[in-house]
Amino acid sequence: VLSAADKTNVKAAWDKIGGHGGEYGAEALERMFLSFPTTKTYFPHFDVSHGSAQVKAHGKKVADALANAASHLDDLPNALSALSDLHAHKLRVDPVNFKLLSHCLLVTLACHHPAEFTPAVHASLDKFLATVATVLTSKYR
């Protein structure tokens, strides 16, 4: 459960990300594909090379979904319901991949915003991403 401080930290972090969400999302995906090559199996139709237009487009989708979630912290299940259905029933993404992408996103954010990426912000973002992953996998059962 996100505390009031966590919610404040998450909102502040996403405000700081601003117009860089797509860029950071793509970078996190690239980092995931390089660090965890098995994740590429979910994107057989993608060019997963550095700078790929498909990776950039999907990175923007990921960032936009997370920005939407960050603006609906008190109602994540409803805010993410359609994405949960998509990932559980159509795409059938292994839930562990959400954790891998979350880790890569945290690394990306830490690289771009080291001064703002305090231990408290790191913990809040980690809890937020874990909560998002839990919601996205809630319809797998």
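Every residue gets a Cβ built from N, Cα and C, even glycine.
Residues or ranges marked as O2 binding site by Swiss-Prot: HIS58. Under 8 Å, Cβ to Cβ, and six or more positions away along its own chain, HIS58 (O2 binding site) finds GLY25, ALA26, LEU29, PHE43, PHE46. In the three-state DSSP scheme, HIS58 (O2 binding site) falls into the helix class.
Look at Swiss-Prot and you will find HIS87 tagged as heme b binding site, backed by sequence analysis. Same-chain residues at least 6 positions away in sequence with a Cβ under 8 Å from that of HIS87 (heme b binding site) are, in sequence order, VAL93, LEU136, THR137.
The domain 'Globin' annotation in Swiss-Prot covers 1-141.
The phosphoserine annotation in Swiss-Prot covers SER3 (among others). Following the DSSP three-state reduction, the secondary structure of SER3 (phosphoserine) is coil.
Residues annotated as N6-succinyllysine in Swiss-Prot: LYS7 (among others). Annotation for LYS7 (N6-succinyllysine): same-chain Cβ neighbours under 8 Å, separated by at least 6 residues, are LEU73, SER124.
The phosphothreonine annotation in Swiss-Prot covers THR8 (among others). The Cβ of THR8 (phosphothreonine) has 15 other Cβ atoms within 10 Å, all protein chains considered.
A simple way to gauge crowding: the CB of LYS11 (N6-succinyllysine) has 15 other CB atoms within 10 angstroms, across all the protein chains here. Look at LYS11 (N6-succinyllysine): DSSP puts it in a helix. Feature annotation from Swiss-Prot assigns N6-succinyllysine to LYS11 (among others); the stated evidence is similarity to another entry.
As annotated by Swiss-Prot, N6-acetyllysine applies to LYS16. The Cβ of LYS16 (N6-acetyllysine) lies under 8 Å from the Cβ of HIS113, GLU116, each on the same chain and at least six residues away in sequence.
As annotated by Swiss-Prot, N6-succinyllysine applies to LYS16 (among others).
Cβ neighbours within 10 Å of TYR24 (phosphotyrosine), excluding its own Cβ and spanning all shown chains: 21. Residues annotated as phosphotyrosine in Swiss-Prot, with similarity to another entry given as evidence: TYR24.
Annotated phosphoserine per Swiss-Prot: SER35 (among others), in sequence order, evidence recorded as similarity to another entry. Around the Cβ of SER35 (phosphoserine), 12 further Cβ atoms fall within 10 Å across all displayed protein chains.
LYS40 (N6-succinyllysine) counts 13 other C-beta atoms within 10 Å of its own C-beta, drawing on all protein chains shown. Per Swiss-Prot, N6-succinyllysine is recorded for LYS40 (among others), and the stated evidence type is similarity to another entry.
According to Swiss-Prot, the phosphoserine annotation covers SER49 (among others), on the basis of similarity to another entry. Within the same chain, residues at least six positions away from SER49 (phosphoserine) with a Cβ under 8 Å of its Cβ are VAL55.
The phosphoserine feature in Swiss-Prot is assigned to SER102 (among others); the stated evidence is similarity to another entry. With a cut-off of 8 Å between CB atoms and residues at least 6 apart in sequence, the same chain places ASP126, LEU129, ALA130, VAL132, ALA133 near SER102 (phosphoserine), listed in sequence order. Secondary structure at SER102 (phosphoserine), taken from DSSP and collapsed to helix, strand or coil, is helix.
If you look up Swiss-Prot, you'll see THR108 (among others) marked as phosphothreonine, on the strength of similarity to another entry. On its own chain, THR108 (phosphothreonine) has TYR24, GLU27, ALA28, ARG31 as residues at least 6 apart in sequence with a Cβ closer than 8 Å to its own Cβ. For the recorded site, THR108 (phosphothreonine), the DSSP three-state label reads helix.
Here Swiss-Prot flags SER124 (among others) as phosphoserine.
The modified residues listed here are SER3, SER124, THR134; among them, SER124 has the most other Cβ atoms within 10 Å of its own Cβ.
Between the candidate modified residues, THR137, SER138, the densest Cβ environment within 10 Å is the one around THR137. DSSP assigns TYR24 (phosphotyrosine) to a helix. A helical conformation is recorded for THR134 (phosphothreonine) in the three-state DSSP classification.
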